[in-house]
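Features reported for this protein in TrEMBL:
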ACT_SITE  Ser108  active site, nucleophile
ACT_SITE  Glu200  active site, charge relay system
ACT_SITE  His270  active site, charge relay system
DOMAIN    12-127  domain 'LD-carboxypeptidase N-terminal'
DOMAIN    169-285  domain 'LD-carboxypeptidase C-terminal'
Amino acid sequence: MRPPYLQPGQKVAIVAPARSINEAEIKMAVSIFEGWGLQVVLGKNLFNTHYQFAGTDEERAGDFQQMLDEPEIRAIICARGGYGTTRIVDQLDFTKFLKYPKWIVGFSDVTVLHCHLHNLRVETIHGVMPLLFPKQTEVSIESLKQALFGQPLKISSVLSVMNKLGNAEGVVVGGNLTLFANAIGTPSEINTDGKILFLEEVNEYLYHIDRMMVQLKRAKKLDNLAGLIIGHFSGVKDNDAFFGQTVYEIINDLTRDLRYPVCYNFPVGHEKHNMTVICNRLARLQVTEKRVEMQFQ
């Protein structure tokens, strides 16, 4: 199910399903959205705080539910990640949303929503969030506009000697490795057979990354993919007792014998160049000696 693309004059909402945020931190994003001709509506609890969260679970879920149910809101943009979306996803009622779908936008902690809505067969947008607008490249922000307004979207990536060459076509799923792995065994778990899986991560230890990738392997999430995209793995840490492998080496070892294309250093994740990915949509991936490119259908 594809939500209607945006038109100038329509309303979009900013809510905070995870960590807290303040008004100054979203100022640039609000200005850009208004420059696109959109009306920005802020969740009534957007600037609340409860420990590290943007309000209590009930307040955050209430804001999100209000925007899901409000027919004039045509996209819900998550203000930031952090942690907290998993705590509220099961409180959300998607009944009205499924009758009148709208775009859900965000990444990192918002991965749980991308996974959950995949199982409801709704396309979502993995893209830049308001907190990070000041740090993003213009092309990253422009790619979000392209996705929201229905313009053609194609992502090119740098080459890597680790790439496994080939072509793939499939529905695109994924997001943050931690959130994707944590969804296993929950209503948000995804069947990855025949899909193009993309993964990104931030501030994790190498052995944590290895453990989560092994979990995906044991859960058969890697076995029957159409293709695998490895995005930014930023701020990777190691212990005093060195793990001994890089992120790419960890993933290469786990996918070496699997017959699908794999590309590394794709421009998705917690870096200034964070291109928009349309989750749950069919795409074509090309990994050749001369180029890496994904084009959405």
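All residue numbers here begin at 1 and follow the chain in the order shown.
Placement of Cβ uses the backbone N, Cα and C atoms for every residue, glycine included.
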Across every protein chain in view, the count of C-beta atoms other than its own within 10 A of the C-beta of Glu200 (active site, charge relay system) is 27
In DSSP terms, the domain 'LD-carboxypeptidase C-terminal' (169-285) comprises 28 helix, 34 strand, 55 coil
Same-chain residues at least 6 apart in sequence with Cβ under 8 Å of the Cβ of His270 (active site, charge relay system), in sequence order, are Ser108, Glu200, Glu201, Val202, His232, Ser234, Gly235
Residues in the domain 'LD-carboxypeptidase N-terminal' (12-127) per DSSP class, helix first, strand next, coil last, are 49 helix, 23 strand, 44 coil
Over the domain 'LD-carboxypeptidase C-terminal' (169-285) the mean pLDDT stands at 97
